[in-house]
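Read through the structure below, which is laid out as structure tokens, and then see the notes.
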Amino acid sequence: MVVLRKLPGMPGWPAALGLRLPQKFLFLLFLSGLLTLCFGALFLLPDSSRFKRLFLPRRATASASSSSSASSSSASSSSTRDTDLPRSPPAAAEPRHASPAAPRRLREKLRTAARMAGPPARTAPGARQQVQGGEGRPEPATGATPARETRAPFRFDYERFRRSLRHPVRGGRPGEDPETRARRMKIKEMMKFAWDNYKQYALGKNELRPLTKNGHIGNMFGGLRGATVIDALDTLYIMELEEEFQEAKKWVEKSFDLNVNGEASLFEVNIRYIGGLLATYYLTGEEVFKSKALELGEKLLPAFNTPTGIPRGVINLGSGMSWSWGWASAGSSILAEFGTLHLEFLHLSELSGNPVFAEKVMNIRRVLNRVEKPQGLYPNFLSPVTGNWVQHHVSIGGLGDSFYEYLIKSWLMSDKKDLEAKKMYDDALEAIEKHLVKKSAGGLTYIAEWRGGILDHKMGHLACFSGGMIALGAEDAGEERRQRHMDLAAEITNTCHESYARSDTKLGPEAFRFDAGSEAMATRLSERYYILRPEVVESYMYLWRLTHDPKYRQWGWEVVKALEKHCRVEAGFSGIRDVYTTTPTHDNMQQSFFLAETLKYLYLLFCEDDVLSLDDWVFNTEAHPLPVNHTNFKAAVQQ
Ligand code: DMJ
């Protein structure tokens, strides 16, 4: 109405238009309707907060725009807005699916859910102060009661953890044998060479192509980059390659992007990226590694949304959609993939205070405990829909391998408290001993594969990790069993050494057989390659630490010489296509696990036992050290 006030010297504008009284009335009615409509529209527009600010007092503005930006959200901790609204969590602690842009209704639903949940339902000793605000996303306290408002956010006590370690994590020891030291220094030089070339030609790509001097991205990591950086971090640190470690860390801080959209292997992302980040956090205490690991861990959670909770093998890290590998029989999940999450996921719960990660892997264990095992063996393919086996193929090599490894390491990582894992391991090993362990005509012990009751007398390079695993698990068995398992571990490691010793390059093939007169040699052309794999030196390292038999160091040194002779090229290390020729061709690929595992295990083979001591650490399947937890992890789950 103000606009219609008669201005001095001017006729009112209805009058100026020469309207009569009824027309004036109609005109005013129309005009006031129009104004109401325009004013109302300001509040209906999708992002009307800027307009609202013009019309509403400041305090009400902040509260009305509950989907405010991060900056306004943190500013909102000012006391004025708290009086008449549910407390908004600080921006940094928002559940990720309730981002600043998320619709207000969703955010309010989450807050209501958190309020309804009351105090955290599952709390671990110490401080589990977050309320779970949905699948894997911690929701901070909502301010429903004054007591909750004063709670500090969950914080892992890194200093306390470091004090709990029984041994220093790295460094040479005074008075050591000069030859051992020189060999260790040689391996350090190899690591520097591998890293420097990756950095020069492929930094930010997943692997180095050392012949063509460029980078390789591949399709295993769903758009994530820098697999070699993440895999190399802890090795660089342990070897005291300080400058190189800083280069790698800088890349993580500046360039490691988790907002990617692509199809990733749940297993590979977990063992390489999450394992590498967790290990580096525990070694250095640098927050960046922890926060990246937790963020990535959350991105993997949707893969577990299946009828049984057994995750599917492939996940789109952007959309969260997941599916099974096309090659896996009838949409099944793979034992070695869903069975190789336990160590990392317990640590994600440990560091975040959020039990969701631990719950996911404990559920996998429940499903596996329930399902009937043919002859006590675990087949490699399981349906995530029914929870039943899909095919009766059993292997301690590819498709099965690290499932067994994670059973015994779960027990070790729990400071030997997780007796369920130990029993599962003992039972599985007993079935393996009974049905799969064989001796060749030439006296070599090997572990065959099993296809619905028929034995395939073949061992993959991957299966050679089992020497180390069996030795590691033997320690706490009863006297008779301990000796039997140590003998078995030594015999298998010896067989794997034979697979190297019988080749022209002194490097082992991808698979070797014990049939048709063959002993520990590849019989098929397609199995003659070596791609810088670690499993054989991994077993040497464990057997050395547990027996101190000098032959393991000797065998390790043979591998170093063979790598230098056949795999070192001008710009890095490369796999070879045929171990049975002294002039092998190269596959032009420096695998990231060469830096994570092969060189790390070789280096540790020539270190004193207290460098990354087995008392304090377990190595994940990519050789990333995770600390033994001196509290009971199961408390975080409260079954
Ligand atoms: C590594 O990525 C891991 O050791 C995994 O468990 C299987 N094998 C490769 C290296 O050979």
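FYI, residue positions are counted from 1 along the chain as it appears here.
Cβ coordinates are placed from backbone N, Cα and C, and glycine is handled just like the others.
Recorded disulfide link (TrEMBL): C496 to C464, out of the candidates C464, C567. C496 (disulfide bond) has a Cβ environment of 29 other Cβ atoms inside 10 Å. Fewest Cβ neighbours within 10 Å among the active-site residues E268, D401, E535: this applies to E268.
Among the recorded positions listed (E268, C464, C496, E510, T621), T621 have a CB atom closer than 6 Å to some atom of ligand 1, in sequence order. Within 10 Å (C-alpha to C-alpha) of C464 (disulfide bond) lie the following recorded positions from E268, E535, T621: E535. Looking only at the recorded positions C464, E510, T621, the densest Cβ neighbourhood within 10 Å occurs at C464. Closest by Cα distance to D401 (active site), from the active-site residues E268, E510, E535, is E535.
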